[in-house]
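Per TrEMBL, domain '3-hydroxyacyl-CoA dehydrogenase NAD binding' is recorded for 41-225. Look at TrEMBL and you will find 91, 98, 161 tagged as CoA binding site. Among the features that TrEMBL reports, site 'Important for catalytic activity' is placed at 182. The domain '3-hydroxyacyl-CoA dehydrogenase C-terminal' annotation in TrEMBL covers 228-296.
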Ligand SMILES: NC(=O)c1ccc[n+]([C@@H]2O[C@H](COP(=O)([O-])OP(=O)(O)OC[C@H]3O[C@@H](n4cnc5c(N)ncnc54)[C@H](O)[C@@H]3O)[C@@H](O)[C@H]2O)c1
């Protein structure tokens, strides 16, 4: 059993304002005994927009609080491995230039990550977080291969935004050791992580995953394997409604966005946010839901 380290508590408090719920969260943990997860060696698959942020975030706490002995960052193609490494290096250099990290801390962070195109390097990891492109066939094939090559204890976690965790768990051949860990973009900054369980997930594996999210300085929320989990299930239909409102000519882009900012307290209007997420991504997510859940009323909007 381990208490939150003083460094972790300082980080939690430094990242909050006195009015936020996050303060309550940090204070709650000051007085509780929170066991740490047993995930020592971490694997990260895919070093794109999300994956490089996940590897960097884990490496940061690995270097600072020794949460992980090492992080194996895997891409199947050398070109994408190099660009993933460059992305992390640039982000770390920026922190150094802003004096949020010293050069030696930056070196320690980078030193925690082993960059590789050799998938066998993942075989003895304790937790693998996958962030490859949003394609079910590719993900199923990857999990089927990993299920055969990794040690039996390795837990698999997908960062998918919209695909079924249950289907990937079944493809892995070890569904009880499979969870969803849904980070938000940009990973280095966004605090929330949705942790998703299926009907197969071993409760101990799930608890360990929630603890790991805590350890890397994020706030975990728990959710079942429902399309879009919590945030996207509520958010994406709302973005589509804003687009339909604009399409009907009910209001202008400016007035829709400013309404949700000043009237609903959102930091960004829905049309601005839809651009940030990517219109193609919004469409892809909604089309997938309409196909998979034709009876779900919240998704019918796209068939209008
Ligand atoms: N973009 C977002 O805002 C966001 C937010 C939350 C979750 N996600 C999810 O995270 C995942 C990754 O999204 P992204 O935006 O980072 O995508 P991305 O295209 O930026 O990165 C995907 C990376 O995976 C690599 N890759 C593809 N197939 C691979 C394989 N078989 N083995 C190893 N590497 C492989 C690619 O080379 C690429 O670098 C998706 O499942 C997505 O739904 C995305």
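Backbone N, Cα and C define each Cβ position, glycine as well.
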Next on the checklist: If you pair up every Cα among 91, 98, 161, the residues annotated as binding CoA, what's the maximum separation in angstrom, rounded to an integer?
Outcome noted: 32
Item to check | Cβ packing number for residue 161 (CoA binding site), 10 Å threshold | outcome: 23
Checklist entry - Using Cα coordinates, what distance in whole Å links residue 161 (CoA binding site) and residue 182 (site 'Important for catalytic activity')? => result 7
Checklist outcome for this item: Candidates 91, 98, 161 (binding-site residues) with CB under 6 Å from ligand 1, in sequence order, are 161
Next on the checklist: By the count of other Cβ atoms within 10 Å, pick out the sparsest of the recorded positions 98, 182.
Outcome noted: 98
Checklist entry - Roughly how many angstrom lie between the C-alpha atoms of residue 91 (CoA binding site) and residue 182 (site 'Important for catalytic activity')? => result 21
Checklist entry - Rounded to the nearest angstrom, how far is the Cα of residue 182 (site 'Important for catalytic activity') from the Cα of residue 98 (CoA binding site)? => result 28
Checklist entry - Over the domain '3-hydroxyacyl-CoA dehydrogenase C-terminal' (228-296), what is the model's average pLDDT? => result 93
Checklist outcome for this item: Counted with DSSP (H/G/I as helix, E/B as strand, rest coil), the domain '3-hydroxyacyl-CoA dehydrogenase C-terminal' (228-296) has 50 helix, 0 strand, 19 coil
